[in-house]
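> Take this structure first; my questions come after.
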């Protein structure tokens, strides 16, 4: 069966300096093969985290990825205005790939 990634919430807002948490639930085991992306309007997606918790080059440690079974979490702490974007999870287990529906993060200054 195809992997389905259920991402929640669809939208979240927090103040500068705050913390947001985004969840992705995989419909089946994907081990640690999960990446997180940030996309801003008019720009291609930027990989933030791969293999569940490994930060991509240049990504600050305010971004943290974690896993509990088939549930994956992206936590963004010490929010900055520049963090306002849409975030996506992606499973890339075996030859299968599936994206979550996205979470819009609104940062209130």
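Heads up, the Cβ atoms here are built off N, Cα and C, so glycines get one too.
The annotation region 'Framework-1' is assigned in Swiss-Prot to 1-24. For 25-35, the entry in Swiss-Prot reads region 'Complementarity-determining-1'. Here Swiss-Prot flags 36-50 as region 'Framework-2'. Summarising the annotation, Swiss-Prot assigns region 'Complementarity-determining-2' to 51-57. The feature region 'Framework-3' is assigned by Swiss-Prot to 58-89. Per Swiss-Prot, region 'Complementarity-determining-3' is recorded for 90-98. Taken from Swiss-Prot, the feature region 'Framework-4' covers 99-108.
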> Which residues of the same chain, at least 6 past either end of the region 'Framework-3' (58-89), have a Cβ under 8 Å from a Cβ in it?
5, 7, 14-30, 32, 34-40, 45, 48-49, 52, 99-107, 109
> When you scan the chain for residues with a C-beta under 8 Å from the region 'Complementarity-determining-2' (51-57), skipping those not six or more beyond its ends, what do you find?
32-35, 63-67, 72
> Within the same chain, where does the region 'Framework-1' (1-24) have neighbours whose Cβ lies under 8 angstroms from its own Cβ atoms, ignoring anything closer than 6 residues to its ends? I mean 6 or more beyond.
30, 34, 36, 71-81, 87-91, 93, 96, 98-109
> For the region 'Framework-4' (99-108), give me same-chain residues lying six or more residues beyond its boundaries with a C-beta closer than 8 angstroms to one of its C-beta atoms, as numbers and ranges.
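The answer is 5-16, 20, 22, 24, 39, 76, 79-81, 83-90.
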